[in-house]
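Feature annotation from TrEMBL assigns domain 'AB hydrolase-1' to 127-383. Residues annotated as active site, charge relay system in TrEMBL: S207, D346, H377.
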Amino acid sequence: MSAILETSELPAVFDGVKLAAVAAVLYVIVRCLNLKSPTAPPELIYQDSALARFLLKSCPLLTKEYIPPLIWGKSGHIQTALYGKMGRVRSPHPYGLRKYLTMPDGATATFDLFEPCSEHCTGDDVTMVICPGIANHSEKQYIRTFVDYAQKNGYRCAVLNHLGALPNIELTSPRMFTYGCTWEFGAMVNYIKKTYPQTQLVVVGFSLGGNIVCKYLGESQANQERVLCCVSVCQGYSALRAQETFMQWDHCRRFYNFLMADNMKKIILSHRQVLFGDNNMKKPQSLSDADLGKLYTATSLMQIDDNVMRKFHGYSSLKEYYEEESCLQYLHRIYVPLLLVNAADDPLVHESLLSIPRALSEKRENVMHVLPLHGGHLGFFEGSVLFPEPLTWMDKLVVQYANAICQWEKTKPHCSDTEQAVSGQE
């Protein structure tokens, strides 16, 4: 009799184990995909001003819920991975002309120029000068998607190709792009200003490009002439403060650090002969074969920056390199309208770094910080359930903000709140 009871209880035990396993799997899925996270409008940090009120009225995306794809869109890791792996879905191929500029040190800067496909909503000539993310260029899918959308909204687009990033363009000087060097971006902007004397500029930077464009504008008041506004998306603001967080394993930042370092190694090694070749008399004196050996064994961006990147400009230490090349010390010198966009679930930008744009937005009337709950690093995909749309929330927001600023310039009072704040600070 006891044997019969034991036999009848076994299936119940197995069913309980199965249910527990299924429950555990579902729990992991819900946690990993962050399915319980709510959707909400982005958090906005700004000072009440005529400009801010105009933007809130003219940019619906600032106050509307950002709704990512239901199944995976609330995971910052998946958003970031999809951006990193495929860029965008069904990415268009806008036609542009490649321009070459010779720099004073012999380097050859390149950028791609795309003419507008329609008239701008204000009827004005407006050019977006765009700086992509780390080791990126105009051929990246997220850049192509954004450029195509901007063209259709009446913008001419000039996209910088980071020095050394294009695989088919050889270096003509022993120097690559760095974290905050603005030389090539400045040369591109000056070309646009000279070639199109009637055009006004909208400055756009993605990730590392956000650091470069903000630093460029803050370096000199002359750099802000004919600039309507600036938009920075997913930058970290301070490399010195970010380096510590990049070595931490929470949110897998150390893993992302390794992946980006591996990509940087490949790019540097593809230019090995120019950067490290013995027959190159112009190579930086501080670069040596020992640095090349350290490059092979590097597993983080910080190691690469310390052994190679900082030496392109003669910085004596990694600390000096990060301090001098970060836009942190230049942000307060930007007086044009400035939109700083980050995602709360960006696995690359630690939450502690977001205190920088928050503090700036609380003090400066020309600055607005936009912080949606989701989006990852340069993801911001939209879609109903599983498949994302070709255009992202980020693409739409940047163009919508630029349109609003162009309209503001035509309708604002002769002495706006922002201008009063600028004159007071000066």
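The chain as shown is numbered from 1 upward.
Cβ atoms here come from the backbone N, Cα and C positions, even for glycine.
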Cα-Cα distance linking D346 (active site, charge relay system) and H377 (active site, charge relay system), given in Å to the nearest integer: 5
Pairwise Cα distance for S207 (active site, charge relay system)/D346 (active site, charge relay system) [Å, integer]: 11
Residues satisfying Cβ distance under 8 Å from D346 (active site, charge relay system), sequence separation of at least 6: G76, T80, C234, G375, G376, H377
Cβ neighbour count within 10 Å of H377 (active site, charge relay system): 26
Whole-number mean of pLDDT values that fall within the domain 'AB hydrolase-1' (127-383): 94
C-beta crowding around S207 (active site, charge relay system), within 10 angstroms: 23
